[in-house]
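One structure is given below, encoded as structure tokens.
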Ligand SMILES: Nc1ncnc2c1ncn2[C@@H]1O[C@H](COP(=O)(O)OP(=O)(O)OP(=O)(O)O)[C@@H](O)[C@H]1O
Ligand SMILES: Cc1ncsc1CCO
Ligand SMILES: [Mg+2]
């Protein structure tokens with residue numbers, strides 16, 4: 001727990017630059033969350049600059065939420081380059097399983113070896129089985145139903161696999177950590193999962209033990225969600241209090257509030 005709360009200090013001291021190629025829905029939410037937590041966001045997807053940007057940043061986040069032909073190419077260029085220079089990168093497979101187009105892009109991105117794959121249960125299950133259909137961007141499965149798929153996906157890809165939900169599971173081959181913080185209303189704000197992936201980018205930029213980094217990111221999401229839920233009347237105020245909680249949370253309180261099981 002102490003190592004995890006220390007990472008929050010390290011994040012604020014180092015303030016890593018995190019590049020996102022992400023969806024139109026959450027660009028603003030995720031940039032604000034990165035800033036509030038102490039990192040520095042840059043959204044960049046132009047083919048002409050994407051490689052140069054990957055060179056500059058501490059980590060890259062690729063989120064396929066509102067993909068199109070131009071953006072897909074940006075993602076492939078960025079992922080290939082991140083892989084070739086060993087820059088940590090996070091894949092958020094939004095809507096995996098919903099359409100063949102999404103699945104095709106994901107199958108082209110995976111060979112560039114994401115450091116982390118963070119998705120909801122249906123997305124993680126669909127990456128290992130063609131039979132699972134996601135309901136758009138929301139999960140129709142609980143995170144514990146996806147554990148087996150997560151273990152398989154981690155061993156197939158060498159990525160740390162993060163399954164978000166009521167309990168978050170962070171899986172590196174057959175090691176699993178769990179985060180039990182968070183509130184169901186978090187799923188009623190669009191892009192909370194995308195925010196989890198963005199914060200994961202910030203933590204893998206500053207910590208090479210990726211399992212620890214991912215656990216810290218999910219614990220920060222959950223604790224900030226808990227603090228925000230205590231003050232909120234619904235999704236609108238939860239979003240606002242969530243930023244304030246990310247900004248104001250001190251490492252001591254983070255350590256006290258996190259409910260983490262670490263292998
Ligand atoms: N029932 C729940 N109880 C506690 N926390 C939850 C619950 N559902 C979601 N969360 C938290 O909300 C955040 C987003 O997870 P979720 O699984 O909803 O992502 P997602 O489906 O990818 O979201 P989106 O695609 O809208 O960005 C995570 O930090 C997760 O822990
Ligand atoms: C609603 C939505 N549609 C495409 S991306 C996105 C944001 C949540 O994943
Ligand atoms: Mg999602």
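Placed from the backbone N, Cα and C atoms, the Cβ positions cover glycine too.
A TrEMBL annotation is a machine prediction, not a hand-curated record.
The shown structure was predicted, so the numbers you read here are calculated from the model rather than taken from an experiment.
Per TrEMBL, these features apply:
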- 43, 191: substrate binding site (BINDING)
- 118, 164: ATP binding site (BINDING)
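Where TrEMBL records a feature, it is marked here on the structure.
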| residue | record | DSSP (3 states) |
| --- | --- | --- |
| 43 | substrate binding site | strand |
| 118 | ATP binding site | strand |
| 164 | ATP binding site | strand |
| 191 | substrate binding site | coil |
Binding-site residues compared (43, 164, 191) - the one with the fewest other Cβ atoms within 10 Å: 43
Contacting binding-site residues for ligand 2, chosen from 43, 164, 191 when the Cβ sits under 6 angstroms of any of its atoms: 191
Binding-site residues near ligand 1 among 43, 118, 164 (Cβ under 6 Å): 164
Distance, residue 164 (ATP binding site) to residue 191 (substrate binding site) (CA atoms, angstrom): 12
Residue pair residue 43 (substrate binding site), residue 118 (ATP binding site) - Cα distance, angstrom, rounded: 19
